[in-house]
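Annotated in TrEMBL:
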DOMAIN    A:8-60  domain 'Myb-like'
DOMAIN    A:10-60  domain 'HTH myb-type'
DOMAIN    A:61-115  domain 'HTH myb-type'
DOMAIN    A:61-111  domain 'Myb-like'
Amino acid sequence: MATTESYEYERKKGLWNAEEDTVLINYVKKHGKGKWNRIPKVTGLKRSGKSCRLRWMNYLTPEVKRGDFSEEEEDLVIRLHNLLGNRWSLIAGRIPGRTDNQVKNFWNTHLSKKLGVQKNKVCVIPKCMPIVETEGNCNSASKGTSGEGNKLVYESCWSDDLMDFSSMHEGFMADDFESTFSFANSVDLCTPYFGEAFHHCFFGL
DNA sequence: AACACTGACAACCGCCAGGAC
DNA sequence: AGTCCTGGCGGTTGTCAGTGT
């Protein structure tokens, strides 16, 4: 027999059913988003606050778009991933109606295979600069290579326009501009980002 | 028809940052 | 200043439907 205390920590896992969804939707309608950890206590739902938040954000919220990614969305994901690496929330933030989880799944199941991107390997190969290859994601790219010398390589290759873009988007990009950029191991993918198409990708959104 | 395999997607886990106390 | 709580993130795992043998 479960004690009161053990009952309190009893948590259901796995897929959500319609009844649980209804409880969660009603709670958010009444109390709004946030304070997710209160939901199990208030509603009796046997889910963790984190699970409730995830369910709402990725599935139940009215803003989320269901169904396949369009060609435009796919193109955008590819471009943004080349610029931002595995920063799924940032990428999703630029694609209306798509969540970070959707983008991540779409990348892992469709695009990584389609593009032949190796896991945990980031290749930096814009045509205008020597190849710099590092292990890990884009965050580690700047740390994992040759420090100041590497930075010089980066800086010598950014066009003036690109640096302007950096200063204009300090809030959007990370504090360390260089480290936010990575490139898939395909020259064809890299090429468009240095020129009009690059600007279209961001400023045209 | 039954089983194995695969792909797609939903959900969980561990870690981290920021805010409240 | 230190601790706790909460929310957010990316990586990973679980589940299930579809397909092949």
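Glycine too: its Cβ is placed from the backbone N, Cα and C atoms.
The average pLDDT computed over the domain 'Myb-like' (A:8-60) stands at 86. Mapped onto DSSP helix, strand and coil, the domain 'Myb-like' (A:8-60) counts 34 helix, 0 strand, 19 coil.
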